Amino acid sequence: MSAVGHAPVNNAHDDHGHHHKETFITKYIFSMDHKMIAKQYLFTALIMGIIGITMSIFFRMQLAWPEESFKVFEIFLGKWAPGGVMSQEVYLALVTIHGTIMVFFVLTQGLSGTFSNLLIPLQIGARDMASGFMNMLSYWLFFISCIIMLGSLFVESGPASAGWTIYPPLSALPQAIGGSGLGMTLWLVSMAIFIASSLLGSLNYIVTVLNLRTKGLSMTRLPLTIWALFVTAIIGVVSFPVLLSAALMLIMDRSFGTSFFLSDIYLKGEVLHYQGGSPILFEHLFWFLGHPEVYIVILPAMGIASEILATNARKPIFGYRAMIASILAIAFLSTIVWGHHMFVSGMNPFLGSVFTFTTLLIAIPSAVKAFNWITTIWKGNLQMNPSMLFSIGFVSTFITGGLTGIILGDSTLDINVHDTYFVVAHFHLVMGISALYGMFAGIYHWFPKMFGRMMNKNLGFVHFWITIIGAYGIFFPMHFVGMAGLPRRYYNFTSFPYFDDLADINVLITVFTIITAAVQLVFLYNFIASIFYGKKAPQNPWKSNSLEWTTPVEPIHGNWPGALPTVYRWPYDYSKTNENGEYVIPGQDFVPQNVPLQENEEELGHGNVVGNP
Amino acid sequence: MTVFLIIIVVALFAITVWQLSKIYQLSRDTNTIDSTQVATDKDNKTQGNLMLAFGIAFYIFMLYNFWNFGNRALPAASSEHGADYDNLMLISMVLIMFVQVITQGLLHYFAFKYKGRKGQKALFFADNDKLEFVWTIIPVIVLSGLIIYGLFTWSDIMDIEDEEDPIVIELYAKQFSWHARYAGEDNVLGKANVRFIEGANTLGVDVSDSYAHDDKVTGEIHLPVGRPVIFKMRSQDVLHSAYFPHFRAQMNVVPGMITQFGFTPTQTTDEIRETEYMVDKIDQIGEIRRERSEELMAAGEEPLSDYTEFDYYLLCNKICGVAHYNMQMKVVVETEEEFNAWIAEQQEFIDTIESEDTQNPADSGNVEGEEVAQVEN
């Protein structure tokens, strides 16, 4: 298969060895080089992340110390915090935009955008993406959508405030909440552009993985990062257009008087003309994307963690084919479980039964993955680099957060924890924190590839330990707040006395939030300082097998100075020994993918089915 | 607690400064290629030990959480299906905590046990069909059990058509208050639509429908203990969600359609007030409020009201606007006699409309709505 795919590509890119003159603009701004675009995604996502996390500090402060006056609110929120006291309107706006930014702009594009662009060509042995221009377009559309989303923060009537799920009618009617005016319009426009960007990117990733693999690199010899990013792109192509159609219909309901989602509404003393629509239809459309979206976020993190765990454990990933199968199973199931967000939405209870069934099924491939990761580090020789720590942390939070999914995915149990802090704790651990760990792991691991320098490991250790302690400190106690029946998206819990005894837990959570957010500054310092002053990186600092480490330290256009490398083996030949107990290459516990099979060496049964040269 | 946290913050800050100065020193010579930023045996040892320490600390933290916060979870259910719910929740909780303890233990222990050492050889262990079969099939079996139990309970809860002699109550939601409409003598709700909203008819009940005449609109829910109740829910503006945490009941309220949920209360308000759980909880909250009141009075502000009696409540649990956090209604579960006495006092819908026609007080409905939203603090 790959033998067919790679041939024309070599010809097409032969001239890449010669540099054509590049100006500052073509090199750093309107770049078509996948490595530069990856960095652009990363920087944009980091900036969005800083904004999103700052917002969460603000509303956590309001929750811990309700209606107290803070100078910082006065500075940042202005008229929305008269006298430094956060207003109800801006509380909801912060919650909404925090969710939107973190899910879409940080975790989707920060992970998928950054690492697909960086790793796909480098790990499959390609000169660049299939279409460099489309790739550039994808980034710049993403950039525009970021600008529009941030611009919506400065709208007179406030940014979107109907929750990141923007359920109509609340999101459709400016009379119902101020944020549903211009703020919501900008939110929808921004997301529509975001979706276009995501589609352009995803199509490019799919085509590149299918067609541009180098000689000998069959699908069953791909690193798991590529498998994960490839499948993520497919899920994106399948589900994002559905969100676009939901957004378009919502735009029509808002601006052109249609009634897709609205019916029988009496607001502010008058009956509105809407008739015959259903808000539940919107919920279906939204979650048809919304649920696959959490896998779009988590699959790249899974791929990154798999790769880093194997490399640093100096062991092959356990159950390579089972890992691929579970990625595919998760991807398939992810598109038929959306209804578990809607058990108590008023849809037919029979549908609830079906979705309970499919939802709990998805626990099976997830469990297989978790067991395989644990087995991967068993009897390894673990190199505790910061990226490795974050990968282990990823497995830990993925298990902790994933297990409570068994409760939420059960329609019966969901009745009483639905929309409480139990849900907030669950999804922050399983997709928020886990995906962030995946992202940090990826940044620490591939930083030398991106910038040719090393990040400081000691700062990395400090960053990791405080982050993991803090993150559990935030989200583990939060489960209990949910079990006490406290609904989410409440501006305060003190309007009636029943929840007064939860106040100390809320203070605890907020203190952990501030500590955890503060330690991210250490990461930022390390990241920025290392770009300029970091130690020069060796070519293959982590002694890894995959192809990206065969390129020169200083990135060049076209990636490899000479011919493209040929692949002879899967990427996980770590600590492989001959019958006499010696390493395959004496004195070296890893065998890069471009090293031919040695004398007497047997290719152990994983990737030799298709395309074995 | 707070002092402890402040100490942590200061300590972490100090570590940060120390590390920052270190990186500054290290970073001065940047142009030689070296591998000093790759983990050494010393790093592996430190970090591996920290992994074990963290694993243990995580166990302790989980225990601490269950010990200290576990008792603040909701009390035992006050509804018939709630007992099944609690049972299923307990089984699931035990199960997931079992898996959690084992997997986290293995993960952190392995990270400690197999930390890298020079000369240590990792085991080339790429595949084992038997192992993978085992840990695929175990989740399959366990989850099948959970799914089956869950689905039976779910269909019991949701299948409310065959309830015997239920009371039918309409729950009516709007920004930011709840109303209840009892179906009256005939136990049939009159038709309604937002287009009928006018004056005192704030729920949009169809005056021409004779079933509506004996309906009773109230600002509180009273339920006789032991009798099934079916809530038919309507919203006039945006999505709301009717959440009765103590009865393990929740359903979204959707404009343009009628959603429903039914349950049978098993414990009266008086009974739950006397449970050990509730007595303790009220004491605890009373203490917290007294302390807070003293602080407030010292600052020259008004003290908080006392909280001496628990009442069931209905909360809004779907974001519905700025005052979402303060949209609730009192629920009273009482004996059949008490209930009958209470319902007899409520005004029939037709009387409300007729008295409005004679007196015509402007916007009486809105005044009522305001009162419900402003719950005393």
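Note that Cβ sites are derived from N, Cα and C of the backbone, with glycine treated the same way.
Per TrEMBL, transmembrane segment is recorded for B:6-27 (among others).
A Cβ distance under 8 Å defines the sequence-distant neighbours of the transmembrane segment (B:48-67), meaning residues of its chain 6+ beyond its ends; these are 100-101, 104-105, 107-109, 111-116. Summarising the annotation, TrEMBL assigns transmembrane segment to B:48-67 (among others).
What TrEMBL lists as domain 'Cytochrome oxidase subunit II transmembrane region profile' is B:66-161.
Annotation source TrEMBL lists transmembrane segment at B:87-112 (among others).
Taken from TrEMBL, the feature transmembrane segment applies to B:133-152 (among others). Among residues of the same chain six or more beyond the transmembrane segment (B:133-152), those with a C-beta under 8 A of the stretch's C-beta atoms are 88, 91-92, 95.
Annotation source TrEMBL lists domain 'Cytochrome oxidase subunit II copper A binding' at B:164-345.
Per TrEMBL, the feature region 'Disordered' maps to B:355-377.
TrEMBL lists B:368-377 with the feature compositional bias 'Acidic residues'.
Residues in the domain 'Cytochrome oxidase subunit II transmembrane region profile' (B:66-161) partition by DSSP class (helix H, G, I; strand E, B; coil) as 71 helix, 2 strand, 23 coil. Remote same-chain residues near the transmembrane segment (B:87-112) are listed as 48-49, 51-52, 54-56, 58-59, 62, 142, 146, 149-150, 153 (criterion: CB distance under 8 Å, separation of at least six residues from the stretch ends). Per-residue pLDDT, averaged across the domain 'Cytochrome oxidase subunit II copper A binding' (B:164-345), gives 92.
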